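Here the structure comes first, spelled out in structure tokens, and everything after it is commentary.
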């Protein structure tokens, strides 16, 4: 039964690709689906992927705990704060029976849905389908992205909702239809069920209104100030186990080579420096001196994929500033670097968090190329 339901779900998503009426996207999605399913089979039947370890095992164990508790009528053993993703998997176990492939198949389905939203964003910001395909390839075939999608992790669900959020904000900016603001709020609340820190994306709506909207100044100030206070409160009370242990003066906290512990400031005046430092480390780690092997080298190469677009954004800012949706996108990526940076003190974890949003920055160089091409064609017409 579960195979039939998943075939139906996958068929429904493929219909959306067909509705794009672009054979390139249809072929891309089919090939991508087959490759991901083959990797899923390899992960389960031949050898576990390198990224599989403590985190995905915890989510799987918790899902099984919920499943066993629901069918046997007892209280589940909950051993971690983040439970929604495991409950979602457990609900599929409850409906169709336990099958080890269910989490991976569900993640791949959400991955295909994320590609659809990314296509929609690219169609707004770019006018070149070849560039869009290159961005989709960089997104879908990033080895870190593949690994975190195949194993039992919540990353792809968060990515999908982040894409939905920024797509709705950009659509609202273009159309001024209030439904898109409501959809973005819904995406933010739903994303917070997977990662509580993403509730702070509600504050990004305040940033958008303050900088980009044309509503009355008084309304801007009141609305933005309210959301800013909520955002600041969430940052200050954020839960960081290793930092709490250090603050208590314990010396037996387990540290790893990839850790970079930055203690919380003792007063609110020092918080801006703390936030800047944490955000910088999220985006900049690993440094050259951190490279000790092939995994570090791959992580460094991955870093360059979004550092280069940021440098290009600074160089060509006069060209980018004319396109407000692109600027909104850049602001959003920098905002997320703060949100995820605050709760990260290990660049291995940092890579996982970066992969949730940095692929959006890949759009920048291709937008610059599109603009150059448009200007060249326009000048040739006048000759």
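Every residue, even glycine, has its Cβ placed from backbone N, Cα and C.
A TrEMBL annotation is a machine prediction, not a hand-curated record.
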Among 25-42, 43-60, find the range that TrEMBL records as transmembrane segment. 25-42
Of the residue ranges 131-151, 257-277, which one carries the transmembrane segment annotation in TrEMBL? 131-151
Within-chain partners of the transmembrane segment (297-317) [C-beta distance under 8 Å, separation at least 6 from its ends]: 138, 142-144, 283-286, 288, 290-291, 330, 347-348, 351, 354, 358-359, 361-365, 368
If you count CB pairs under 8 A between the transmembrane segment (158-174) and each of 25-42, 92-119, 131-151, the winner is 92-119
